[in-house]
Amino acid sequence: MGDLKRKRGRKPKNAVADSGGGAGTSSKEAVDDGGAVSTSPIETATNGADPQTHRRLRARPRRVGKHEEVDRDIAASPERRGHRFTDHNNGDITTTILSGDLRLGAAAKAAPSMDAVVKVFCVHTEPNFSLPWQRKRQYSSSSSGFIIGGRRVLTNAHSVEHHTQVKLKKRGSDTKYLATVLSIGTECDIAMLTVNDDEFWEGVSPLGFGDLPALQDAVTVVGYPIGGDTISVTSGVVSRIEILSYVHVSTELLGLQIDAAINSGNSGGPAFNDKGKCVGIAFQSLKHEDAENIGYVIPTPVIMHFIQDYEKNGAYTGFPIIGIEWQKMENPDLRLSVGMAHNQKGVRIRRVEPTAPESNVLKPSDVILSFDGVDIANDGTVPFRHGERIGFSYLVSQKYTGDDARVKVLRKSKILEFKIKLNAHKRLIPAHIKGKPPSYYIVGGFVFSAVSVPYLRSEYGKDYEFDAPVKLLDKLLHAMAQSIDEQLVVVSQVLVADINIGYEELVNTQVIAFNGNPVKNLKSLANMVEACKEEYLKFDLDYNQIVVLQTKNAKAATSDILAMHCIPSAMSDDLKS
């Protein structure tokens, strides 16, 4: 556990057979993190969490731990595949007890339901954000999933991300069945699959869901970790229930912390309670030199929200947010300054997102006293269960996109009540592009791209939060989109040619305006350049830099530059419509 940021699929230095029963490790170096956003030891804010923390952008602070997607087991290519350990288990199930007072009863009761656990095989073809006109080399992975009612299978979203083919194999079967991806929930890291072949569904009973477990309740995680071909079982207890950062897209939703081992390949596998009911989906773990066997499970409230969202709308619409940044009101002088009485509690609104439906209702410096009739404490928490409190963003996450909510606020010592509409989060720099190919536009050798978290990861690696330009990181952490279609557009690189001599060193610099007109998004920039009849193309960049090209010469040189670099088109397909 000394490796603080172990990549997916990387072979451990001292490889041994996994205690959870998984057979073998992958010998291929891990690909980029597929959407995982590293978390700092300080609290960050989305969906209503406290945003008033400051990250050191250039300096590299000491890292005390990292949440990682446990993800799928990445298969090595044939020419690089090394020796894989042999599974020496004679039985089909391996049980590991991680807590001294746990009973084998939980695993035994879960056993009849284990036939519903499947192994998920996926071939991925990821986009190349640095060279957006092409894709990366395909690779294979394996993970876990389980059958639910309605001829459906649940797994993790990151297990089938950028899929080109998905297959499922039942326990004890030698047949892989082609699967269809019905829906991918990026925020909650859940995907729903189905299989058209009737044979797949024969002899298998779907899993039922149990209630949210309590602290110290026994849980059993079932799946296919570390590429094993036989099912593996690890047991533990629920050690914490809180609002958790889902690293796949850096959202904050309810999560369970358990002390059962969760390893690569466990992704998408069910967690059972002692009655054999599914209470969650394994999806990430904590990598820390001083912590062992800390895994995280997506609980049933989040799972049911995803399922009901799909059934209600025919597609995944996401988890809504209230669209504000807020500040704790624990300081007594701060409470007095805004006119709060001694018995009033709440949180102060710092900023309201311009794209949020309630931007014309809620105002900065308003104090939110309650949400849907539930009083909010000065630290931003609300009552959860007996002896427990939880962040009030949990109340928001229980809603669906487009739902209404009642909010009571204190404004200038007066109590006001508003009915607001909840909507999905619009980030200026999105954490995910939800399976769409990246956009680009090229003229005169200048490659223009829209910035996203996958783009930053492609350009600067998994440590992009420390290595990317400070201005881009500042916009990632603090900037708000002023309109629903706003993007941050940059000159990602310059394909060197005679027409652009002197501009070769421009890399990832924001484009502010074109010929005096503000650049709203990549499509508006492409349209303005294509329609330009002026003598010069003038791009105003960040840091007061400018790029000037003769319009006629730049457009004429573009086709030759594209041919030289084997680029099929000057713009991505989404910009042509």
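Numbering starts at 1 and runs along the chain as displayed.
Including glycine, each Cβ sits where the backbone N, Cα and C put it.
Quick look at what TrEMBL annotates:
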- 1-13: compositional bias 'Basic residues' (COMPBIAS)
- 37-50: compositional bias 'Polar residues' (COMPBIAS)
- 54-65: compositional bias 'Basic residues' (COMPBIAS)
- 66-88: compositional bias 'Basic and acidic residues' (COMPBIAS)
- 337-422: domain 'PDZ' (DOMAIN)
- 429-574: domain 'Protease Do-like PDZ' (DOMAIN)
- 1-88: region 'Disordered' (REGION)
Three-state composition of the domain 'PDZ' (337-422), taking helix and strand from DSSP: 10 helix, 35 strand, 41 coil
Stretch-averaged pLDDT - the domain 'Protease Do-like PDZ' (429-574): 95
Tally of DSSP helical, extended and coil residues in the domain 'Protease Do-like PDZ' (429-574): 52 helix, 35 strand, 59 coil
